[in-house]
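A.B. asks: Before I ask anything, here is the structure I am working with.
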């Protein structure tokens with residue numbers, strides 16, 4: 001997934017622009033129970049194109065102030081991660097030496113940079129904005145982030161500058177792609193190395209199509225898999241708080257190309273908000289999910305510890321009741337071999353296709369057992385169900401007033417599908433259409 005970073009000096013309106021981009025099209029990933037959205041980054045979809053938007057604190061190149069130096073480091077890290085950079089300047093304050101220095105740094109990055117002159121609230125401010133051509137740029141985007149002026153042109157330029165989505169080769173239709181997602185120091189690298197060692201690597205690692213990730217093809221039980229490793233989150237010399245934030249962004253980029261997501265949890269620390277966040281994004285993107293509790297060897301245990309811990313994880317991830325939970329130790333190798341055995345099962349479920357006749361027998365039995373509620377005082381009748389896709393399993397139910405189905409009944413039918421067919425680790429996409437909408 002592409003990344004767009006907003007950088008610039010403090011108080012030029014970066015956060016206002018960030019909020020404006022989010023607010024102009026409310027297609028941000030929705031929160032799931034227990035999931036909090038970091039206000040400094042968000043996944044956005046514009047005209048069918050998803051990207052991650054980053055807001056930075058501010059960029060003061062020459063400052064020795066500790067806070068401002070930290071903000072500068074944050075901006076530099078955002079530039080490293082970005083595919084497109086929005087460099088925001090202030091039309092009312094005018095061109096400053098700091099603007100010039102930041103522009104030079106951005107040019108050296110080699111990344112596409114859009115120069116955004118903010119606080120141009122009307123035509124009378126356009127003339128003042130022209131002085132920023134002194135930065136040596138061919139085009140300026142004059143906007144008012146506060147009022148929305150000029151945003152359509154800016155967003156069109158952003159979408160045009162984004163790199164084309166990576167195209168998977170024909171082999172990708174037959175292989176299962178795994179993303180191992182975890183916070184820094186959760187033991188993700190050790191787990192990956194242990195998995196590769198256990199499963200006997202049969203192909204050399206190759207550079208992935210997404211920057212800062214490595215694709216490692218391997219074979220398990222005569223089936224092809226590709227492990228997507230977010231190598232970019234393991235940088236030395238970075239402050240932990242920054243790594244926490246940018247590891248989420250790396251996770252989003254990795255899971256965009258994955259089929260199955262392994263969310264790695266630190267058994268000692270327990271479930272964190274970041275664990276919930278990346279799992280929520282995986283669910284929203286329709287990925288299969290496994291919850292892997294690592295460092296289980298470090299937990300003091302008795303006969304009921306695993307059961308109690310499982311209950312805690314289930315409660316935290318209550319929006320993923322279908323996700324298998326595996327307790328492992330990457331250090332000792334304990335139960336690591338069970339991960340791929342479970343992945344193999346989930347991959348089969350993720351690609352499961354159910355004949356229409358079988359589906360409709362399940363639908364009929366479900367309705368007989370529990371009739372759907374009335375819609376606007378009239379009886380709801382279902383005609384048939386059909387499967388429309390896999391990865392994730394997707395279904396459509398046609399009826400006379402199907403679009404009025406209550407979410408509780410949708411959940412009931414989803415549970416009936418799971419009872420009948422399994423779909424372990426897989427989200428189910430279930431839609432309802434009126435019979436006249438079949439075409």
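For all residues, glycine too, the Cβ spot is worked out from N, Cα and C.
What Swiss-Prot records for 8-15, 55-59, 118-121 is GTP 1 binding site, and it gives sequence analysis as the kind of evidence. Annotation comment: Swiss-Prot describes 182-189, 229-233, 294-297 as GTP 2 binding site, evidence class sequence analysis. Among the features that Swiss-Prot reports, domain 'EngA-type G 1' is placed at 2-166. What Swiss-Prot records for 176-351 is domain 'EngA-type G 2'. If you look up Swiss-Prot, you'll see 352-436 marked as domain 'KH-like', on the strength of sequence analysis.
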A.B. asks: Taking only the Cα atoms, work out how far residue 14 (GTP 1 binding site) lies from residue 188 (GTP 2 binding site), in Å, as a whole number.
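C.D. replies: Here the two Cα atoms lie 34 Å apart.
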A.B. asks: Fewest other Cβ atoms within 10 Å: which of the binding-site residues 59, 296 wins that one? Let me know.
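C.D. replies: If we count Cβ atoms within 10 Å for the binding-site residues 59, 296, the smallest count is at 296.
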A.B. asks: For residue 14 (GTP 1 binding site), which DSSP three-state class applies?
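C.D. replies: In three-state terms, residue 14 (GTP 1 binding site) counts as helix.
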A.B. asks: Find, among the binding-site residues listed as 56, 185, the one whose Cβ has the highest number of other Cβ atoms within 10 Å in the structure shown.
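C.D. replies: Counting every other Cβ within 10 Å of each candidate, the maximum falls on 56.
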A.B. asks: Should residue 182 (GTP 2 binding site) be counted as helix, strand, or coil on the basis of DSSP?
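C.D. replies: In three-state terms, residue 182 (GTP 2 binding site) counts as strand.
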A.B. asks: Which one is closest to residue 185 (GTP 2 binding site) in space, judged by CA to CA distance, out of the binding-site residues 8, 11, 56, 59, 120?
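C.D. replies: Result for residue 185 (GTP 2 binding site): the nearest of the binding-site residues is 56.
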A.B. asks: Is it possible to get the count of other C-beta atoms within 10 angstroms of the C-beta of residue 182 (GTP 2 binding site)?
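C.D. replies: There are 25 of them.
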A.B. asks: Sort residue 8 (GTP 1 binding site) into helix, strand or coil using the DSSP assignment.
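C.D. replies: Note: residue 8 (GTP 1 binding site) is in a strand by DSSP.
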A.B. asks: Mean pLDDT, the domain 'EngA-type G 1' (2-166)?
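C.D. replies: So the average pLDDT across the domain 'EngA-type G 1' (2-166) works out to 81.
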A.B. asks: Between the Cα atoms of residue 188 (GTP 2 binding site) and residue 59 (GTP 1 binding site), what distance do you get, rounded to the nearest Å?
C.D. replies: 32
A.B. asks: Using DSSP, what is the helix/strand/coil residue split across the domain 'KH-like' (352-436)?
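C.D. replies: Split into helix, strand and coil, the domain 'KH-like' (352-436) gives 34 helix, 22 strand, 29 coil.
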A.B. asks: Cβ-Cβ under 8 Å from residue 11 (GTP 1 binding site), same chain, 6 or more residues apart: which ones?
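C.D. replies: Within the chain, residue 11 (GTP 1 binding site) has Cβ neighbours under 8 Å at 58, 90.
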A.B. asks: Can you name the residues of this chain that are 6 or more positions from residue 8 (GTP 1 binding site) yet have a C-beta less than 8 Å from its C-beta?
C.D. replies: 14, 56, 58, 59, 87, 88, 89, 99, 102, 116
A.B. asks: Rounded to an integer, what is the Cα-Cα distance in Å between residue 120 (GTP 1 binding site) and residue 296 (GTP 2 binding site)?
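C.D. replies: Residue 120 (GTP 1 binding site) and residue 296 (GTP 2 binding site) have their Cα atoms 56 Å apart.
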